[in-house]
Amino acid sequence: MRNLKLFRTLEFRDIQGPGNPQCFSLRTEQGTVLIGSEHGLIEVDPVSREVKNEVSLVAEGFLPEDGSGRIVGVQDLLDQESVCVATASGDVILCSLSTQQLECVGSVASGISVMSWSPDQELVLLATGQQTLIMMTKDFEPILEQQIHQDDFGESKFITVGWGRKETQFHGSEGRQAAFQMQMHESALPWDDHRPQVTWRGDGQFFAVSVVCPETGARKVRVWNREFALQSTSEPVAGLGPALAWKPSGSLIASTQDKPNQQDIVFFEKNGLLHGHFTLPFLKDEVKVNDLLWNADSSVLAVWLEDLQREESSIPKTCVQLWTVGNYHWYLKQSLSFSTCGKSKIVSLMWDPVTPYRLHVLCQGWHYLAYDWHWTTDRSVGDNSSDLSNVAVIDGNRVLVTVFRQTVVPPPMCTYQLLFPHPVNQVTFLAHPQKSNDLAVLDASNQISVYKCGDCPSADPTVKLGAVGGSGFKVCLRTPHLEKRYKIQFENNEDQDVNPLKLGLLTWIEEDVFLAVSHSEFSPRSVIHHLTAASSEMDEEHGQLNVSSSAAVDGVIISLCCNSKTKSVVLQLADGQIFKYLWESPSLAIKPWKNSGGFPVRFPYPCTQTELAMIGEEECVLGLTDRCRFFINDIEVASNITSFAVYDEFLLLTTHSHTCQCFCLRDASFKTLQAGLSSNHVSHGEVLRKVERGSRIVTVVPQDTKLVLQMPRGNLEVVHHRALVLAQIRKWLDKLMFKEAFECMRKLRINLNLIYDHNPKVFLGNVETFIKQIDSVNHINLFFTELKEEDVTKTMYPAPVTSSVYLSRDPDGNKIDLVCDAMRAVMESINPHKYCLSILTSHVKKTTPELEIVLQKVHELQGNAPSDPDAVSAEEALKYLLHLVDVNELYDHSLGTYDFDLVLMVAEKSQKDPKEYLPFLNTLKKMETNYQRFTIDKYLKRYEKAIGHLSKCGPEYFPECLNLIKDKNLYNEALKLYSPSSQQYQDISIAYGEHLMQEHMYEPAGLMFARCGAHEKALSAFLTCGNWKQALCVAAQLNFTKDQLVGLGRTLAGKLVEQRKHIDAAMVLEECAQDYEEAVLLLLEGAAWEEALRLVYKYNRLDIIETNVKPSILEAQKNYMAFLDSQTATFSRHKKRLLVVRELKEQAQQAGLDDEVPHGQESDLFSETSSVVSGSEMSGKYSHSNSRISARSSKNRRKAERKKHSLKEGSPLEDLALLEALSEVVQNTENLKDEVYHILKVLFLFEFDEQGRELQKAFEDTLQLMERSLPEIWTLTYQQNSATPVLGPNSTANSIMASYQQQKTSVPVLDAELFIPPKINRRTQWKLSLLD
């Protein structure tokens, strides 16, 4: 759905050359044009408008002096740096333009009618006057000469196997005689010059020749290969014209055919068979086709037509039409009308071989024109809902308009057509936000037709409905009407005949103001014209556009774009300069466009598409070259962009990687766009979408989510880009347009949680608005069913940073319950009968489904059927519930209501067999109420409720209750049901205590026994756990004798010593057994020096100090010294070995020997197909979900795992084992501080100063050694490696592998804690200053 838009015009008038031009050729490397006349050659530079060279062929005798000579071909030879010229008299001349030397390389006596070079310039073909073809090499060595007329079909002759012949086919009403009719051959067309026509395929492997057959007088097309072997001959085609052009891509050969009532362009295949056609918009014998020309990329077919003289008074015209194909339909995109009189008559034209869309035209009066076109999509530019998203496609004298807001029809179909008396060349839409549907059309007669959307009193005959029309259908579409046709008058009318496309880049900026650009024919300058409508009271249908003002620009303007919001107009020159045109200024100033830094903007390469857009707070120029390079101002942000469009605050682009990317420009910057579009950047979320190969953007429907793409063949595809969808939904939600948002989300499968998560407070405050707008029970139920606790604005649809969703977060409470309760309250207040099913859904959807309430409501419906017409019956409600809840679960909950009518109602709707549930229900009905409910609760495994009902059944049922309590561990719940003074309470307490004893929870068991009066069992429990204080309390309650207390005390002391509670054991011995001597010995054994001295002095046994206390202190000091020496030696040895191991690993890594990963439980980390944790580890570590895992057991497990590290030299994880050992040494030494402090005090007290200083010095040296070594052992590099987040929810096997390779270490993840250095607390007081 693209049009050809005139890019620029290069014009060189009145070239000073002798005679009349006859043909021309291009010198692409020099950028010059070679023109041949009856006198010789002339080389001109159309850019500088200078004559470079002039070579006379008359002086050398190659052309006659009387001017009757003719040049039939000119070809620039790149590798020979010369020009080859063929004359009609038969001479082939090689001309060097640099030296102006002429060399006749060959001569044909019968004359030459055609000279045609192969595309690779390796071969040249000459058609002679004797109807022969001569093929020569590029060095003009003859290869072969053959007759141009051949009797044979060619090497590709079709093979007939006997069936399927014409004689055996059905011929309809003509009968069998049609099979035997003689083929009637029509002679060549009257205006045919009978000259042969030659065309080459793009790769130079074949060429085709069109000649008039001497036998039949009709034209035939023959195909030859590069070896000059005839391949095929075309089938007989009546009225075949002389024009011939082989499509460069090699698929088809174009020619013309005159039919009884029309004139067609027909296409031949290489085998000579016809393959498709299209009809020219002329009557029979109205025009003749002089030539057909394909452009370099085979996308445009130029048709050179000339009027046939019918009336002497009429002035014949010459026309050049440009045709393109899309979706198997041929479009007439441009029509250039020249006069055949005087200097404006076309002599020759050709496409540029390098620039595909550049057409060169040579006119009779030494007038040269070069037109550059580019593809453009003409679409309306509004950004509000009133814009219909119109796209206009030029097709001859029709403009096909498709309204994408209401209809999406594939081309060549359209919504409606605009009909014109002349072919259309340009279409432009009004750059006004509120009137963007109005359009203006410039046709080949330089008339501008203005169409406006609005009320029209009568049907417009120039507007014809397309795909939306039909008999008996009501058209719900606003079609435009022709407001007026304006004629543009030029100061020099001759200019229009010489250059039919005088005005280009037509832009409609205001309702009565047009901008257009023309180019100077004498210098590289451009002029911007202001076209304003002249007031005309006489003629309402026709008017005139006056050039109210003009502004000259030094340079060739190649693009002009306008921002409909800011009204900024930007010009682009051929050299890439960007200017801002102040069209509203009286002086019509033109100044350079500057970026935010104040520097002029200049595109590095000319851009064929330019747009204006606001990026952040800056208005920028966006440009796309024909080489897919995309620029923002003068910064190239991408080089793989195939199309782009600016809509509101979004920039949409399609890329060569078959993706469509959408960026929000509001908060974007050049760097973010460049990073997002770079090939190495991986886009996520709503930015990127995969599209079909070769897709291009057609338009974006404003205030909607539709993005229209066109495929290379021409068919359309409508996609809803996630970024556009979410942006539009957020706008609707901000405006409380819940219905529009809901319908869009439901259709495009957007998670409905976004309605709430976008702004929870606003939603909860407008629940009534939401329900009234949706107004559908099914839709509300759908919303309920999709609710989940997840915040989709953080997971699925992250909102822009500036979105209000970050300013208003979730209210306190459970999301699902909040929404369900809020909506249910509103629905019950509006119409509880209408929204009955939704109310039931709100109960079911809650975090803890309220099925009992739901069943109760259904039961109420059964008993009291509402009279409201919107109400649902109990049967319908129950049937709906069975879709939400499993029938067995619903049956169980109905049973839990103890309402047998409700149970029967649910059971009848289920698939249960009545033989299964009726006997059970009948049995229940016969039971006493409490025991019945107990039985139901036990059946439903609601044991807490069951024992509550059973406790009310009487003492005779207590044994059954106690057994259930023991089986289901319901002791705490059961104790709440009985009075503490009751026997049942005591029995349950004893059973509870025994249960705790079995679970090795001895202290709670003792407390439970003591509470219920079971003192003997309580004493046993306290003895087992070592709670000597409670044990003595229970002993007092049991009235123990003195001997019993002594025995109990010694037993307790023994258990406490086993638990290394020496102080507690000493206290028990002192109080119960009055054995203070044994108590002192226990205290000395436990290093409780001060407590031991207290007892010595309390009982005045100073002799014990000399006999026991002092020796114990000195022995302890020696032990501490030996321990410190051992720790210091171990620490130094491990540290030294660790440095050696690390150095060896670094050397191995540098040598590339660390590729193999150590075998072990983490080896699966490095496999692309394995999980992070191996199976055995998973089994051993995560299979305890049904058991109690204490912090201590987890710690012990980790400790056991670390012990797998071996300190054996050379082991794979030796460095980890050394780190583990060093950390353990440091921690053990740190834990000695308190013990050292206490022994230092008693050493000083008993005047053992030397031993105290020795111990204090040794401990201080050990701590300093370890503190100095910590940074060397636990280096920063190893800590960072361990802190790197290798694993996580977004990690993959490849990312984990890459992370580990970057770390250059094979450290298992489970041992990352080993890289955290142990802490040495300097604030801990251990040193005794008295010993300094």
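Note: Cβ is positioned from N, Cα and C throughout, glycine not excepted.
Residue with Swiss-Prot feature phosphoserine, selected from SER683, SER1167, SER1171, SER1176: SER1171. Checking SER335, SER549, SER804, SER1269 against Swiss-Prot for the annotation phosphoserine singles out SER804. Candidates SER48, SER1174, SER1282 were compared with Swiss-Prot; the annotation phosphoserine appears at SER1174. In Swiss-Prot, the entry for phosphoserine among SER449, SER471, SER550 corresponds to SER471.
Residue-level annotations in Swiss-Prot identify, among SER234, SER251, SER867, SER982, SER867 as phosphoserine. Take the CB of SER867 (phosphoserine) and look out to 10 A: across all protein chains shown you find 7 other CB atoms.
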